[in-house]
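Peer 1: Mind looking over this structure? Questions follow.
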Ligand SMILES: CC(=O)N[C@@H]([C@@H](O)[C@H](O)[C@H](O)CO)[C@@H](O)CC(=O)C(=O)O
């Protein structure tokens, strides 16, 4: 069995290529420094949902992965590459490539056009991808709302290591805490990393036994989330809850405005000062109105520094 790779509870980050029509590889190094220094994020998940991995060509995905691994060397703890694709061949090519460039792990979503209809069929697909990188820790990326594949994670987990020896854990991007809890309950020997992927509910995930987190908001709320993780670790649940509520206030606010990958990119640009560019079609660039509103909210929560607003408008949560 491969060694357990997830040691702490530092959130993984969803990254993030930066391109308009073409990818701007040149800012990735700068972005690595921003994440480490400003957000305290040292584990990166490349080419996932936020990184629009499924909207990139295979050659683009390879190049993005290479850039993150290269730029992250001696700065990041782990770079996990999402290699899921509709084509098993493409997925295997990306898995093999991730191994060649020295990535720390690979993750795979369920194929979502011609879908696996039961656990065994899904495992057969995942197993073939994992076999293309037999020395790399393998994660299943469970995100049923986007893939439409509703096979329960706890069902998948049952006996999976017999089929996929490199299986290392799950990225669980779903709100079903019964399913998640049963994954934890099965994980008696704590051999798997169970990474929670719903940022606004992370505290519940931690209480249930999440061993880490992967999410889009850690691009700009990484520091705040790390504070919540630290409070949770020292069993200061009241502070942890305050941090979670603070994070929720922001997410709740942007959800009401319409929030997705495009809007995440706009907020990332705003907070990091590093241009992320627009998303790729079919996504549309976030509106100026959205960005202005998000900026005002971040300032009122004291997540972005600001001047000229009366104290009465502050709802800072520290
Ligand atoms: C559907 C979706 O994009 N979920 C996000 C969350 O981080 C999400 O943006 C956050 O919880 C806000 O709702 C992540 O689970 C996705 C993710 O990890 C990724 O970019 O691969």
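Glycine residues also receive a Cβ, built from the backbone N, Cα and C atoms like all the rest.
Dumping what TrEMBL says about this protein:
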- 50, 214: pyruvate binding site (BINDING)
- 141: active site, proton donor/acceptor (ACT_SITE)
- 171: active site, schiff-base intermediate with substrate (ACT_SITE)
Peer 1: Which number gives the other C-beta atoms within 10 angstroms of the C-beta of residue 50 (pyruvate binding site), all protein chains shown included?
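Peer 2: The Cβ of residue 50 (pyruvate binding site) has 24 Cβ neighbours within 10 Å.
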Peer 1: For residue 214 (pyruvate binding site) and residue 171 (active site, schiff-base intermediate with substrate), what Cα-Cα distance in Å is obtained after rounding to a whole number?
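Peer 2: Rounded to a whole number, the Cα-Cα distance is 7 Å.
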Peer 1: By the DSSP assignment reduced to helix, strand and coil, which category contains the residue listed as 'active site, proton donor/acceptor'?
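Peer 2: The residue in question, the residue listed as 'active site, proton donor/acceptor', is strand (DSSP, three-state).
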Peer 1: Give me the non-local Cβ neighbours of the residue listed as 'active site, proton donor/acceptor': same chain, 6+ apart in sequence, Cβ-Cβ under 8 Å, ordered along the sequence.
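Peer 2: Spatial neighbours, sequence-distant, of the residue listed as 'active site, proton donor/acceptor': 48, 82, 84, 107, 108, 109, 170, 171, 173.
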Peer 1: For a quick check of packing: other C-beta atoms within 10 Å of the C-beta of residue 171 (active site, schiff-base intermediate with substrate), how many?
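Peer 2: Excluding its own Cβ, residue 171 (active site, schiff-base intermediate with substrate) sees 28 Cβ atoms within 10 Å.
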Peer 1: Tell me whether residue 50 (pyruvate binding site) sits in a helix, a strand or coil according to DSSP.
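Peer 2: Once the DSSP labels are grouped into three classes, residue 50 (pyruvate binding site) ends up as coil.
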Peer 1: By a simple count, how many Cβ atoms lie within 10 Å of the Cβ of residue 214 (pyruvate binding site), its own Cβ left out?
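Peer 2: Excluding its own Cβ, residue 214 (pyruvate binding site) sees 29 Cβ atoms within 10 Å.
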